[in-house]
């Protein structure tokens, strides 16, 4: 057994006793049942003597081939043990203290390599967005090109509508059934960077190929292959970014996935508008242009460091330290983060039984801590489809034509939607690590529900020449307002949240499952919405998705814990809370506190936390 594990076993017993005392002091009674399970955010080094820590570090360095870095790791471990008391640690150099002061003063102070890697991940996200919107403008012309645009109401017309839906849904079907699940073996054999490189090659080839197809069947087949690359990449890029980012800004950096996916959507809409007047080949250029962001992604990814946590998982600690050193200002800070992650990984490994692909998958549902992470990630991913954003992203041009715009005007209205979606993602950069993931979701879903309902109700305005400007303007206004609320909350949270909630041993499979839920339901939405639009009318279709927003809000309230500003390893404590206990805490503690705060104006009271941090004091 690793020497660090031995020390942690003894410390866990002491920490559980300490939790019992604190939970009673904070009035957490039945919820205090958690005390028997030690549900407290425990620094794994807290409670150890300095001699124990230094001895553990020496053993760690001998085992991992880092003997020449013993002094560095000793300083790093002492900082990890007492992160807020570094001024009192005698072993630190003045240079160490100087960098720690800078980090305390500015959470955005990090090496250029970290930000370069985040930019490369952003390109991967832009690729995803552009791939999603190429078909949006093409929907106005490729059905006619392939003879599948016969009038709705005839037998052939109804079949054609399903064919158009299948072409649009093809990438998401392939992502859910194949692409997401390939991410695990690709990551296993090629690493995070290798997996991203391979999928970027697919995303270069398939958009170009789609522009040369001559039947709807061939186009659907190419888009199925496109989906394999989309799913595998979407399962890895957010996870890669989460593993590189420091805990205090992880949300802001990883939410770049949504920010730049939104930018890719905007670029896709822009490309659709730019080529709209080139004639019959417009749809080919609209689909083919999606290869553009994948090209720099393939070129730049190997200039980034490999994920230190992936290298640790492979036992390659020397390379992991070298990679971490490129992402932190000094070797001491790199040693701090690497060693802290290591001791938490030792704890995670105690519950891991699965050694192959299928057993790791079953652990998503059989290990209680992992199952709760799976439930939370699945909930936020499902909610992204339930909220209705993709009926706009995939079919906005069709919707705007239904509202009374011409085909050309619809493309520009879609461009406006893309711009709003992108610009309103910026506020989340500053709120996601302070306001929190859960709070953003709970505050934006009610607003998405009423704006989507309002947009649907505007279709009741008679479609006459006198009312045209008001009708189309109001529909566009409420759709844009809906996009603004989405971009602040449900836009950035799902992929970032899913990338952080799984322990390292199950991270690839967990992310693959989460993206499968997202893109699988996206394929259902893409396939069924054209038919829903006809069967329920725009009013009914929009009203249905408004109701889905309310259902999603309830699911998030009961199944999605907060994760802000915790290390990937500390999240074990959050997801060790039983689901029933979490739900009881929300209804019995959080809701009454919310009512008192906002209706009885008792703003000074502090809601007792379900998971207690070491430094928490009630009503402080």
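The backbone N, Cα and C atoms fix where each Cβ goes, and this holds for glycine too.
Of all ranges given (194-212, 308-326, 327-345), TrEMBL attaches the label transmembrane segment to 194-212. Between the stretches 407-428, 561-582, 583-604, TrEMBL puts its transmembrane segment entry on 407-428.
Here TrEMBL gives transmembrane segment for one range in the set 473-489, 490-506: that range is 473-489. Counted over residue pairs 6 or more apart, the CB atoms of the transmembrane segment (473-489) and the transmembrane segment (194-212) come under 8 Å in fewer than three pairs, which marks the two as apart.
Contacts between the transmembrane segment (510-529) and the transmembrane segment (194-212): absent, as fewer than 3 C-beta pairs lie under 8 angstroms at sequence separation of six or more. The transmembrane segment (440-461) makes no contact with the transmembrane segment (218-241): fewer than 3 of their CB pairs lie within 8 A, with pairs spaced 6 or more apart in sequence. For the domain 'Major facilitator superfamily (MFS) profile' (117-564), the model gives a mean pLDDT of 87. Beyond the transmembrane segment (218-241), the same-chain residues lying 6 or more positions past its ends with a Cβ under 8 Å from any Cβ of the stretch are 117-118, 121, 124-125, 127-128, 131, 135, 142, 146, 166-167, 170-176, 178-183, 186-187, 192-193, 195-196, 198-203, 206-207, 209-210, 253-254, 256-257, 287, 307, 495-496, 498-499, 507-508, 511-512, 514-516, 518-519.
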